[in-house]
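Q: Here's the feature list from Swiss-Prot:
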{"type": "DISULFID", "residues": "Cys41-Cys116", "note": "disulfide bond"}
{"type": "MOD_RES", "residues": "Gln20", "note": "pyrrolidone carboxylic acid"}
{"type": "REGION", "residues": "45-54", "note": "region 'Complementarity-determining-1'"}
{"type": "REGION", "residues": "55-71", "note": "region 'Framework-2'"}
{"type": "REGION", "residues": "72-78", "note": "region 'Complementarity-determining-2'"}
{"type": "REGION", "residues": "79-116", "note": "region 'Framework-3'"}
{"type": "SIGNAL", "residues": "1-19", "note": "signal peptide"}
Amino acid sequence: MDTLCSTLLLLTIPSWVLSQITLKESGPTLVKPTQTLTLTCTFSGFSLSTSGVGVGWIRQPPGKALEWLALIYWDDDKRYSPSLKSRLTITKDTSKNQVVLTMTNMDPVDTATYYCAHR
């Protein structure tokens, strides 16, 4: 009976729940001080044209907590970390399913692993 119930429940899950969302970051692994970092997030499994959807960037310096950087919404509304706002630009290209983050005037304190995320 348990197997039958599990099977029936699985069959009633909407198809959108089963779709797979993927995001992949790309860009240079090393940037010299004062240079500009440009990172690209290429995604699939959702549309950045859909109301309520956003893609953001976060980073994690070695041995430290995650830090939120920027977020862009379907309607092109953009939000930035107040402490980094003057150095960040976030843009989207819905035709390519990409979001690009640019960070100017890089410094050794910006050493981190950078991630993009779906909202």
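In case you wondered, yes, glycine gets a Cβ from its N, Cα and C as well.
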Q: Could you give the residue numbers and ranges of same-chain residues that sit at least 6 residues beyond the region 'Framework-2' (55-71) on either side and whose C-beta is under 8 angstroms from one of its C-beta atoms?
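A: Distant Cβ neighbours of the region 'Framework-2' (55-71) are 23, 39, 41, 43, 48, 78-81, 84, 88, 90, 92, 99, 101, 103, 109-119.
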Q: Restricting to the same chain and to sequence separations of six or more, state which residues have a Cβ under 8 Å from that of Cys116 (disulfide bond).
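A: Within the chain, Cys116 (disulfide bond) has Cβ neighbours under 8 Å at Leu23, Glu25, Leu39, Cys41, Phe43, Val55, Gly56, Trp57, Ile58, Val99, Leu101.
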Q: With Cβ-Cβ distances below 8 Å as the criterion, list the same-chain residues six or more beyond the ends of the region 'Framework-3' (79-116) that contact it, or say none.
A: 23, 25, 27, 31-44, 47-49, 55-62, 64, 67-72
Q: Cβ under 8 Å to the region 'Complementarity-determining-1' (45-54), counting only same-chain residues 6 or more beyond its ends: which ones?
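A: Beyond its ends, the region 'Complementarity-determining-1' (45-54) has Cβ neighbours at 19-22, 71-75, 92, 94, 97, 99, 118-119.
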Q: Taking DSSP as the reference, which of helix, strand or coil describes Cys41 (disulfide bond)?
A: strand
